[in-house]
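Asker: Dumping what TrEMBL says about this protein:
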DOMAIN    4-195  domain 'Fructose-1-6-bisphosphatase class I N-terminal'
BINDING   E91, D113, L115  Mg(2+) 1 binding site
BINDING   D113, D116, E282  Mg(2+) 2 binding site
BINDING   D116, G117, S118, S119, N210, K276  substrate binding site
DOMAIN    200-333  domain 'Fructose-1-6-bisphosphatase class 1 C-terminal'
Amino acid sequence: MKRKTLTQYLVEQQRAEQALEPEVRLLIEVVSRACKTISHAVSKGALGGVLGSLESENVQGEVQKKLDVMSNEVLLEANEWGGHLAAMASEEMETIHLIPNRYPKGEFLLLFDPLDGSSNIDVNVSIGTIFSVLRAPSEVSGREVTEQDFLQKGTTQVCAGYAVYGPQTMLILTIGRGVVGFTLDREMGSWILTHDNMTIPEDTKEFAINMSNMRHWAPPMRRYIDECLAGKTGPRGKDFNMRWIASMVADVHRLLVRGGVFMYPWDAREPGKPGKLRLMYEANPMSMLVEQAGGAATDGHQRILDIQPTALHQRVGVVLGSKNEVERVTKYHHEG
Ligand SMILES: O=P(O)(O)OC[C@H]1O[C@](O)(COP(=O)(O)O)[C@@H](O)[C@@H]1O
Ligand SMILES: [Mg+2]
Ligand SMILES: [Mg+2]
């Protein structure tokens, strides 16, 4: 059986289903090409001179890795001239990146975490790129896009996805009609549709959380994990398994393939911050994918996609994955 390429899938969606605007199709193609370039650099590792850190810090005060900066540049460069975007925003840039005047402008906004899982780069563990596409508000025609234009709820995302650079390089995508996965065929240089309907089972026996933060969690979070750890003889009546890769892309990819619940909750290390992960270019795109796959995503209190952003680099607590587990964690937070 001949498998579909990403281009064939997108053209089909555009033609037969009227589910995809031509500009969004082209935009996805450009992002996917940039991810191929990043994947190539990742696979070269030390041979390509991409390992290690720079002297610089990003806006979040995190030391930048060479690959963080390189991936950011690849995405900016690839998307600048396509004519589909009004502006871009990235984890690695303090403020938004306007499309230079020498290029045509479009009506979409692209947000990305160019390299997710930075702490795993040098140790050869799966990392990725996360992206989200919004429509620029209609009033922007005739004026410059501002940061405010990006501050839209996750429910307004036009599409979202990620590339995971692991044993295989894959691109996982939603255009609001389920979740599909493509595997990079390196010889052909093509993304091939290999996972045509990714779904997350409602129940699971696997959780992902950084347990080293346990003493800092809020009581509802501790309650949930304590109950999981109690296993068969505890209140849940079953044994749980735990995984923590420390690359959100790889952890979310696992639960899109076999279910599970992923959590990076608020903790008391920095009580003023709602969480570690970023709403606009980590939590929102992943929440759209998870919901489209039949799962759920909350910040422990409310649906992530319903949160009204107030800042580009806003952080958020994250609980996402198998629906019944996410609902349980959220219920424990409501009970206090
Ligand atoms: O090291 P920790 O605290 O467990 O954090 C791991 C989390 O941090 C992140 O690496 C943050 O992403 P960046 O690498 O893009 O900053 C997530 O991918 C991951 O879930
Ligand atoms: Mg990240
Ligand atoms: Mg990153």
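Just so you know, glycine gets a Cβ as well, placed from its N, Cα and C.
Looking at the shown structure, what environment does each listed feature sit in?
Answerer: Neighbour count (other Cβ atoms within 10 Å of the Cβ, all protein chains): 24 for E91 (Mg(2+) 1 binding site).
DSSP assigns E282 (Mg(2+) 2 binding site) to a helix.
If you take the C-beta of K276 (substrate binding site) and look for same-chain residues 6 or more apart in sequence within under 8 angstroms, you find Y264, R315.
Taken residue by residue, the domain 'Fructose-1-6-bisphosphatase class 1 C-terminal' (200-333) breaks down under DSSP into 60 helix, 23 strand, 51 coil.
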Asker: Within 10 Å of E91 (Mg(2+) 1 binding site) by C-alpha distance: pick out those among the binding-site residues G117, S118, S119, N210, E282, and say none if nothing qualifies.
Answerer: E282
Asker: Measure from each Cβ of the binding-site residues E91, D113, L115, D116, N210, K276 to the atoms of ligand 3 and list the residues where some distance is under 6 Å.
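Answerer: Only E91, D113, L115, D116 qualify.
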Asker: I'd like to verify something. Among the binding-site residues D113, L115, D116, N210, E282, which ones have a C-beta closer than 6 angstroms to some atom of ligand 2?
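Answerer: Once distances to ligand 2 are taken from each Cβ, D113, D116, E282 fall under 6 Å.
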Asker: Would you mind pulling the DSSP three-state label for G117 (substrate binding site)?
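Answerer: Once the DSSP labels are grouped into three classes, G117 (substrate binding site) ends up as coil.
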